[in-house]
Amino acid sequence: MSIEFVTNPHQKEEDKTLDLTLRPGSFGDYIGQETLKQNLQILIQAAKHRQESIEHVLLHGSPGLGKTTLAHIIAKELGANIRVTSGPAIDRAGDLAAILTNLEEGDILFIDEIHRLNKIIEETLYPAMEDFALDLVAGKGAAARTLRLELPKFTIIGATTRMSLISAPLRDRFGAHYKLQFYTDQEISQVVHRSAKILAMQIDEESSSEIARRSRRTPRIANRLLKRVRDYAQVHNGGKVNLEMSKAALELLAIDDLGLDEVDRKLLLTIIEKFDGGPVGLQTLAAATAEEEDTLEEIHEPFLMQIGFLARTPRGRVTTPSAYRHLGLPIPASQNLLAI
Ligand SMILES: Nc1ncnc2c1ncn2[C@@H]1O[C@H](COP(=O)(O)OP(=O)(O)OP(=O)(O)O)[C@@H](O)[C@H]1O
Ligand SMILES: [Mg+2]
(Lines of atoms letter the chains of each structure in order from A and count residues from 1; the text may use other names and numbers.)
(Lines give C-alpha, C1' and ligand atoms only; values in the text may rest on other atoms or scores of the structure.)
(Ligands and ions follow the chains in the order given, each with its own letter.)
Protein backbone atom coordinates (compact mmCIF):
# COMPACT_ATOMS: atom_id res chain seq x y z
CA MET A 1 0.00 0.00 0.00
CA SER A 2 1.69 3.16 -1.11
CA ILE A 3 0.98 6.41 0.62
CA GLU A 4 -0.07 8.07 -2.59
CA PHE A 5 -2.68 5.38 -2.94
CA VAL A 6 -4.70 6.65 -0.01
CA THR A 7 -4.93 10.27 -1.06
CA ASN A 8 -5.29 9.73 -4.79
CA PRO A 9 -9.00 10.38 -5.35
CA HIS A 10 -9.30 8.09 -8.39
CA GLN A 11 -11.26 4.93 -7.82
CA LYS A 12 -9.01 1.96 -7.16
CA GLU A 13 -9.88 -1.73 -7.25
CA GLU A 14 -10.08 -1.72 -3.47
CA ASP A 15 -12.67 1.09 -3.50
CA LYS A 16 -15.15 -0.67 -5.72
CA THR A 17 -16.96 -2.60 -3.00
CA LEU A 18 -16.63 0.26 -0.54
CA ASP A 19 -18.00 2.78 -3.07
CA LEU A 20 -20.96 0.51 -3.74
CA THR A 21 -21.69 -0.21 -0.07
CA LEU A 22 -21.48 3.42 0.91
CA ARG A 23 -23.05 4.99 -2.16
CA PRO A 24 -26.08 7.14 -1.30
CA GLY A 25 -29.18 5.96 -3.13
CA SER A 26 -31.33 9.10 -2.99
CA PHE A 27 -31.05 12.88 -2.88
CA GLY A 28 -31.93 12.70 0.81
CA ASP A 29 -28.84 10.61 1.49
CA TYR A 30 -26.57 12.62 -0.79
CA ILE A 31 -24.76 15.10 1.42
CA GLY A 32 -23.92 18.66 0.29
CA GLN A 33 -23.96 20.04 -3.30
CA GLU A 34 -27.20 21.78 -2.30
CA THR A 35 -27.62 24.11 -5.29
CA LEU A 36 -26.83 21.35 -7.72
CA LYS A 37 -29.32 19.02 -6.02
CA GLN A 38 -32.05 21.65 -6.13
CA ASN A 39 -31.46 22.32 -9.82
CA LEU A 40 -31.50 18.63 -10.63
CA GLN A 41 -34.68 18.06 -8.65
CA ILE A 42 -36.42 20.81 -10.61
CA LEU A 43 -35.18 19.34 -13.87
CA ILE A 44 -36.47 15.92 -12.87
CA GLN A 45 -39.83 17.08 -11.57
CA ALA A 46 -40.51 19.22 -14.62
CA ALA A 47 -39.67 16.35 -16.96
CA LYS A 48 -41.86 13.97 -14.97
CA HIS A 49 -44.69 16.47 -15.06
CA ARG A 50 -44.44 16.76 -18.82
CA GLN A 51 -43.88 13.02 -19.11
CA GLU A 52 -40.77 13.66 -21.12
CA SER A 53 -37.22 12.48 -20.70
CA ILE A 54 -34.81 15.01 -19.20
CA GLU A 55 -32.31 16.85 -21.35
CA HIS A 56 -28.76 15.52 -21.57
CA VAL A 57 -26.78 16.27 -18.42
CA LEU A 58 -23.05 16.89 -18.14
CA LEU A 59 -21.50 16.42 -14.69
CA HIS A 60 -18.09 17.87 -14.14
CA GLY A 61 -15.89 17.64 -11.06
CA SER A 62 -12.75 16.23 -9.51
CA PRO A 63 -12.52 12.47 -8.98
CA GLY A 64 -14.43 11.04 -6.02
CA LEU A 65 -16.81 13.98 -5.53
CA GLY A 66 -19.92 11.97 -6.43
CA LYS A 67 -20.65 12.15 -10.17
CA THR A 68 -21.38 8.45 -10.69
CA THR A 69 -23.48 8.44 -7.53
CA LEU A 70 -25.54 11.36 -8.82
CA ALA A 71 -26.13 9.70 -12.18
CA HIS A 72 -27.59 6.67 -10.42
CA ILE A 73 -29.74 8.86 -8.17
CA ILE A 74 -31.12 10.76 -11.17
CA ALA A 75 -32.08 7.48 -12.87
CA LYS A 76 -33.72 6.22 -9.70
CA GLU A 77 -35.70 9.42 -9.17
CA LEU A 78 -36.91 9.23 -12.76
CA GLY A 79 -37.71 5.55 -12.42
CA ALA A 80 -35.52 5.04 -15.49
CA ASN A 81 -33.16 2.23 -16.45
CA ILE A 82 -29.53 3.23 -16.46
CA ARG A 83 -26.91 1.75 -18.80
CA VAL A 84 -23.34 2.42 -17.87
CA THR A 85 -20.39 2.81 -20.20
CA SER A 86 -17.33 5.02 -20.50
CA GLY A 87 -15.40 7.00 -23.09
CA PRO A 88 -12.47 4.57 -23.36
CA ALA A 89 -14.82 1.53 -23.44
CA ILE A 90 -16.42 2.62 -26.72
CA ASP A 91 -13.78 1.71 -29.22
CA ARG A 92 -15.57 1.63 -32.54
CA ALA A 93 -18.67 3.30 -33.97
CA GLY A 94 -20.23 -0.18 -34.03
CA ASP A 95 -19.93 -0.40 -30.23
CA LEU A 96 -21.83 2.83 -29.87
CA ALA A 97 -24.47 1.74 -32.39
CA ALA A 98 -25.01 -1.47 -30.42
CA ILE A 99 -25.46 0.46 -27.18
CA LEU A 100 -27.79 3.06 -28.68
CA THR A 101 -30.03 0.67 -30.57
CA ASN A 102 -30.56 -1.35 -27.40
CA LEU A 103 -31.88 1.64 -25.45
CA GLU A 104 -35.54 2.01 -24.67
CA GLU A 105 -37.61 5.16 -24.44
CA GLY A 106 -36.67 7.12 -21.30
CA ASP A 107 -33.49 5.14 -20.58
CA ILE A 108 -30.42 6.84 -19.24
CA LEU A 109 -27.05 6.21 -20.80
CA PHE A 110 -24.29 7.10 -18.38
CA ILE A 111 -20.99 7.80 -20.16
CA ASP A 112 -18.19 8.10 -17.64
CA GLU A 113 -14.93 9.80 -18.64
CA ILE A 114 -16.72 11.26 -21.63
CA HIS A 115 -13.67 13.42 -22.42
CA ARG A 116 -11.94 10.23 -23.55
CA LEU A 117 -14.37 9.44 -26.39
CA ASN A 118 -12.59 9.30 -29.70
CA LYS A 119 -13.43 11.82 -32.38
CA ILE A 120 -15.34 9.46 -34.71
CA ILE A 121 -17.53 8.16 -31.90
CA GLU A 122 -18.12 11.69 -30.73
CA GLU A 123 -19.37 12.70 -34.15
CA THR A 124 -21.68 9.69 -34.31
CA LEU A 125 -23.07 10.83 -31.00
CA TYR A 126 -24.07 14.32 -32.23
CA PRO A 127 -27.18 13.32 -34.27
CA ALA A 128 -28.03 10.74 -31.62
CA MET A 129 -28.12 13.44 -28.95
CA GLU A 130 -29.78 16.07 -31.09
CA ASP A 131 -32.28 14.23 -33.27
CA PHE A 132 -32.34 10.77 -31.69
CA ALA A 133 -31.04 9.35 -34.91
CA LEU A 134 -28.09 7.22 -35.81
CA ASP A 135 -26.40 7.58 -39.19
CA LEU A 136 -24.93 4.32 -40.32
CA VAL A 137 -22.77 3.85 -43.37
CA ALA A 138 -23.58 0.69 -45.29
CA GLY A 139 -21.35 -0.66 -48.02
CA LYS A 140 -18.03 0.69 -49.21
CA GLY A 141 -16.61 3.06 -51.78
CA ALA A 142 -18.98 4.32 -54.48
CA ALA A 143 -21.72 1.97 -53.27
CA ALA A 144 -21.65 3.36 -49.74
CA ARG A 145 -24.97 4.68 -48.49
CA THR A 146 -25.96 6.35 -45.28
CA LEU A 147 -28.87 4.86 -43.41
CA ARG A 148 -30.61 6.90 -40.79
CA LEU A 149 -31.95 4.89 -37.89
CA GLU A 150 -34.50 6.33 -35.48
CA LEU A 151 -33.61 5.97 -31.82
CA PRO A 152 -35.94 6.09 -28.82
CA LYS A 153 -35.85 9.31 -26.76
CA PHE A 154 -33.16 8.72 -24.18
CA THR A 155 -30.93 10.85 -21.96
CA ILE A 156 -27.17 10.89 -21.80
CA ILE A 157 -25.52 11.71 -18.52
CA GLY A 158 -21.87 12.42 -19.20
CA ALA A 159 -19.29 12.66 -16.44
CA THR A 160 -15.88 14.23 -16.71
CA THR A 161 -13.01 15.24 -14.51
CA ARG A 162 -11.50 17.30 -17.34
CA MET A 163 -13.93 19.84 -18.73
CA SER A 164 -11.17 21.49 -20.75
CA LEU A 165 -10.79 18.34 -22.86
CA ILE A 166 -14.44 18.31 -23.95
CA SER A 167 -14.93 19.78 -27.42
CA ALA A 168 -17.30 22.72 -27.79
CA PRO A 169 -19.72 20.86 -30.12
CA LEU A 170 -20.08 18.00 -27.63
CA ARG A 171 -20.42 20.35 -24.68
CA ASP A 172 -23.13 22.32 -26.46
CA ARG A 173 -25.27 19.24 -26.98
CA PHE A 174 -25.77 18.89 -23.24
CA GLY A 175 -28.75 20.95 -22.14
CA ALA A 176 -27.64 21.01 -18.52
CA HIS A 177 -24.12 21.40 -17.12
CA TYR A 178 -23.34 20.98 -13.46
CA LYS A 179 -20.08 21.40 -11.63
CA LEU A 180 -19.58 19.48 -8.41
CA GLN A 181 -17.81 21.49 -5.75
CA PHE A 182 -15.35 20.31 -3.16
CA TYR A 183 -17.17 19.64 0.13
CA THR A 184 -16.82 21.60 3.35
CA ASP A 185 -15.14 19.88 6.30
CA GLN A 186 -18.52 19.81 8.00
CA GLU A 187 -20.12 18.01 5.06
CA ILE A 188 -17.27 15.52 4.90
CA SER A 189 -17.74 14.93 8.60
CA GLN A 190 -21.38 14.05 7.86
CA VAL A 191 -20.20 11.67 5.12
CA VAL A 192 -17.92 10.01 7.68
CA HIS A 193 -20.77 9.63 10.21
CA ARG A 194 -23.10 8.23 7.58
CA SER A 195 -20.49 5.73 6.40
CA ALA A 196 -19.58 4.73 9.98
CA LYS A 197 -23.23 3.94 10.60
CA ILE A 198 -23.45 1.75 7.52
CA LEU A 199 -20.25 -0.03 8.56
CA ALA A 200 -21.67 -0.46 12.10
CA MET A 201 -18.84 1.56 13.66
CA GLN A 202 -19.03 3.87 16.63
CA ILE A 203 -17.32 7.17 15.97
CA ASP A 204 -17.22 10.37 18.01
CA GLU A 205 -17.36 13.95 16.74
CA GLU A 206 -13.65 14.58 17.34
CA SER A 207 -12.56 11.59 15.29
CA SER A 208 -14.90 12.31 12.40
CA SER A 209 -13.67 15.93 12.27
CA GLU A 210 -10.10 14.71 12.29
CA ILE A 211 -10.75 12.40 9.36
CA ALA A 212 -12.74 15.11 7.56
CA ARG A 213 -9.95 17.65 7.86
CA ARG A 214 -7.52 15.31 6.13
CA SER A 215 -9.82 14.05 3.37
CA ARG A 216 -9.05 16.65 0.69
CA ARG A 217 -12.72 17.64 0.84
CA THR A 218 -13.51 14.47 -1.12
CA PRO A 219 -16.03 11.81 0.02
CA ARG A 220 -14.16 8.89 -1.57
CA ILE A 221 -11.01 9.76 0.37
CA ALA A 222 -13.01 10.25 3.59
CA ASN A 223 -14.43 6.75 3.23
CA ARG A 224 -10.99 5.34 2.57
CA LEU A 225 -9.48 7.06 5.60
CA LEU A 226 -12.37 5.91 7.76
CA LYS A 227 -11.58 2.35 6.75
CA ARG A 228 -7.90 2.79 7.60
CA VAL A 229 -8.77 4.26 10.97
CA ARG A 230 -11.12 1.37 11.64
CA ASP A 231 -8.37 -1.16 10.82
CA TYR A 232 -5.86 0.68 12.98
CA ALA A 233 -8.25 0.83 15.93
CA GLN A 234 -8.99 -2.87 15.45
CA VAL A 235 -5.34 -3.74 15.86
CA HIS A 236 -4.39 -1.21 18.55
CA ASN A 237 -7.51 -0.51 20.55
CA GLY A 238 -9.88 -3.46 20.36
CA GLY A 239 -11.84 -1.76 17.59
CA LYS A 240 -12.63 1.40 19.55
CA VAL A 241 -12.17 4.53 17.42
CA ASN A 242 -11.19 7.72 19.22
CA LEU A 243 -9.20 10.85 18.43
CA GLU A 244 -5.91 9.30 19.45
CA MET A 245 -6.43 6.27 17.21
CA SER A 246 -7.57 8.44 14.30
CA LYS A 247 -4.56 10.73 14.55
CA ALA A 248 -2.12 7.86 14.86
CA ALA A 249 -3.62 6.01 11.88
CA LEU A 250 -3.59 9.09 9.68
CA GLU A 251 -0.07 10.12 10.64
CA LEU A 252 1.12 6.69 9.65
CA LEU A 253 -0.23 7.41 6.18
CA ALA A 254 1.83 10.64 5.94
CA ILE A 255 -1.25 12.77 5.45
CA ASP A 256 -0.76 16.02 7.26
CA ASP A 257 -3.41 17.84 9.27
CA LEU A 258 -4.76 19.65 6.22
CA GLY A 259 -4.87 16.53 4.06
CA LEU A 260 -1.73 17.28 2.05
CA ASP A 261 0.17 14.24 0.90
CA GLU A 262 3.79 13.86 -0.12
CA VAL A 263 3.21 14.92 -3.73
CA ASP A 264 1.38 18.09 -2.64
CA ARG A 265 4.26 19.00 -0.37
CA LYS A 266 6.82 18.17 -3.03
CA LEU A 267 4.95 20.33 -5.53
CA LEU A 268 4.84 23.33 -3.20
CA LEU A 269 8.43 22.92 -2.05
CA THR A 270 9.64 22.65 -5.66
CA ILE A 271 7.94 25.91 -6.62
CA ILE A 272 9.30 27.60 -3.51
CA GLU A 273 12.84 26.25 -3.54
CA LYS A 274 13.60 25.87 -7.23
CA PHE A 275 11.49 28.65 -8.69
CA ASP A 276 11.39 31.25 -5.91
CA GLY A 277 7.66 30.76 -5.42
CA GLY A 278 6.85 30.95 -9.14
CA PRO A 279 5.40 31.71 -11.58
CA VAL A 280 6.35 28.44 -13.19
CA GLY A 281 4.67 26.54 -16.03
CA LEU A 282 3.04 23.16 -15.59
CA GLN A 283 5.43 21.36 -17.92
CA THR A 284 8.51 22.63 -16.12
CA LEU A 285 6.93 21.75 -12.81
CA ALA A 286 6.14 18.22 -13.94
CA ALA A 287 9.73 17.73 -15.03
CA ALA A 288 11.13 19.19 -11.83
CA THR A 289 8.94 17.02 -9.59
CA ALA A 290 9.12 13.90 -11.78
CA GLU A 291 5.31 13.70 -11.71
CA GLU A 292 2.90 13.41 -14.64
CA GLU A 293 1.43 16.69 -15.87
CA ASP A 294 -2.02 15.12 -15.85
CA THR A 295 -1.70 14.02 -12.23
CA LEU A 296 -0.60 17.45 -11.12
CA GLU A 297 -3.34 19.17 -13.06
CA GLU A 298 -6.17 16.82 -12.21
CA ILE A 299 -5.47 15.90 -8.61
CA HIS A 300 -2.99 18.12 -6.84
CA GLU A 301 -3.60 21.57 -8.27
CA PRO A 302 -7.39 21.72 -7.81
CA PHE A 303 -7.04 20.80 -4.15
CA LEU A 304 -4.12 23.14 -3.45
CA MET A 305 -5.97 25.97 -5.19
CA GLN A 306 -9.12 25.15 -3.27
CA ILE A 307 -7.33 25.58 0.06
CA GLY A 308 -5.56 28.71 -1.18
CA PHE A 309 -1.97 27.37 -1.28
CA LEU A 310 -1.53 27.69 -5.01
CA ALA A 311 -2.73 30.21 -7.57
CA ARG A 312 -2.71 30.11 -11.34
CA THR A 313 -1.59 33.25 -13.09
CA PRO A 314 -1.27 33.77 -16.84
CA ARG A 315 2.48 33.25 -16.43
CA GLY A 316 2.25 30.05 -14.44
CA ARG A 317 1.70 28.65 -10.96
CA VAL A 318 2.61 30.58 -7.83
CA THR A 319 2.62 29.56 -4.19
CA THR A 320 0.80 31.76 -1.69
CA PRO A 321 1.91 32.96 1.75
CA SER A 322 -0.44 30.37 3.33
CA ALA A 323 1.63 27.63 1.70
CA TYR A 324 4.85 29.02 3.20
CA ARG A 325 3.18 29.25 6.61
CA HIS A 326 1.88 25.70 6.43
CA LEU A 327 5.31 24.38 5.50
CA GLY A 328 6.90 26.41 8.29
CA LEU A 329 8.95 28.54 5.89
CA PRO A 330 9.62 32.29 6.12
CA ILE A 331 7.55 34.29 3.64
CA PRO A 332 9.82 36.21 1.24
CA ALA A 333 9.06 39.88 0.78
CA SER A 334 7.89 39.43 -2.82
CA GLN A 335 5.28 36.91 -1.68
CA ASN A 336 3.63 39.42 0.65
CA LEU A 337 2.18 41.06 -2.41
CA LEU A 338 -0.12 38.11 -2.92
CA ALA A 339 -2.96 38.74 -0.54
CA ILE A 340 -4.13 35.18 0.03
N1 LIG B 1 -22.67 13.64 -1.66
C2 LIG B 1 -22.25 12.49 -1.12
N3 LIG B 1 -22.73 12.07 0.07
C4 LIG B 1 -22.26 10.92 0.61
N5 LIG B 1 -21.34 10.12 0.04
C6 LIG B 1 -20.85 10.48 -1.15
C7 LIG B 1 -21.29 11.68 -1.79
N8 LIG B 1 -20.63 11.78 -2.96
C9 LIG B 1 -19.83 10.72 -3.04
N10 LIG B 1 -19.95 9.92 -1.96
C11 LIG B 1 -19.18 8.71 -1.68
O12 LIG B 1 -17.99 8.76 -2.42
C13 LIG B 1 -17.86 7.63 -3.28
C14 LIG B 1 -17.29 8.11 -4.59
O15 LIG B 1 -18.29 8.79 -5.34
P16 LIG B 1 -18.46 8.60 -6.93
O17 LIG B 1 -18.00 7.24 -7.32
O18 LIG B 1 -19.84 8.97 -7.26
O19 LIG B 1 -17.44 9.70 -7.42
P20 LIG B 1 -17.11 10.17 -8.92
O21 LIG B 1 -17.23 11.64 -8.93
O22 LIG B 1 -17.94 9.38 -9.86
O23 LIG B 1 -15.57 9.77 -9.05
P24 LIG B 1 -14.72 9.42 -10.40
O25 LIG B 1 -14.40 10.74 -11.05
O26 LIG B 1 -13.48 8.76 -9.89
O27 LIG B 1 -15.56 8.53 -11.25
C28 LIG B 1 -19.28 7.08 -3.38
O29 LIG B 1 -19.32 5.70 -3.47
C30 LIG B 1 -19.93 7.46 -2.08
O31 LIG B 1 -19.72 6.47 -1.11
MG1 LIG C 1 -17.36 7.98 -11.27
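In case you wondered, yes, glycine gets a Cβ from its N, Cα and C as well.
Note that the structure is predicted; figures quoted are calculated from it, not measured.
Feature list (source: TrEMBL):
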BINDING   Leu22, Arg23, Gly64, Lys67, Thr68, Thr69, Glu130, Asp131, Phe132, Arg173, Tyr183, Arg220  ATP binding site
BINDING   Thr68  Mg(2+) binding site
BINDING   Arg312, Arg317  DNA binding site
DOMAIN    53-184  domain 'AAA+ ATPase'
REGION    184-254  region 'Small ATPAse domain (RuvB-S)'
REGION    257-340  region 'Head domain (RuvB-H)'
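Taking the features listed in TrEMBL, we show where each one sits on the structure.
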residue	record	Cβ within 10 Å
Leu22	ATP binding site	21
Gly64	ATP binding site	27
Thr68	ATP binding site	18
Glu130	ATP binding site	11
Phe132	ATP binding site	17
Tyr183	ATP binding site	23
Arg312	DNA binding site	13
Arg317	DNA binding site	24
Contacting binding-site residues for ligand 1, chosen from Leu22, Thr68, Glu130, Tyr183, Arg312 when the Cβ sits under 6 angstroms of any of its atoms:
Leu22, Thr68
For a Cβ distance below 6 Å to any atom of ligand 2, name the binding-site residues from Gly64, Glu130, Phe132, Tyr183, Arg312, Arg317 that qualify, or say none.
none
Pairwise over Leu22, Arg23, Gly64, Lys67, Thr68, Thr69, Glu130, Asp131, Phe132, Arg173, Tyr183, Arg220, annotated as binding ATP, what's the top Cα to Cα distance to the nearest Å?
37
Do you know offhand how many angstrom separate Tyr183 (ATP binding site) and Arg312 (DNA binding site) by C-alpha?
21
For the region 'Head domain (RuvB-H)' (257-340), what are the DSSP-based totals of helix, strand and coil residues?
47 helix, 9 strand, 28 coil
Spatially, and counting Cα to Cα, which of the binding-site residues is closest to Arg317 (DNA binding site)? Options: Leu22, Gly64, Thr68.
Gly64
Nearest-integer angstrom distance between the alpha carbons (Cα) of Arg312 (DNA binding site) and Glu130 (ATP binding site):
36
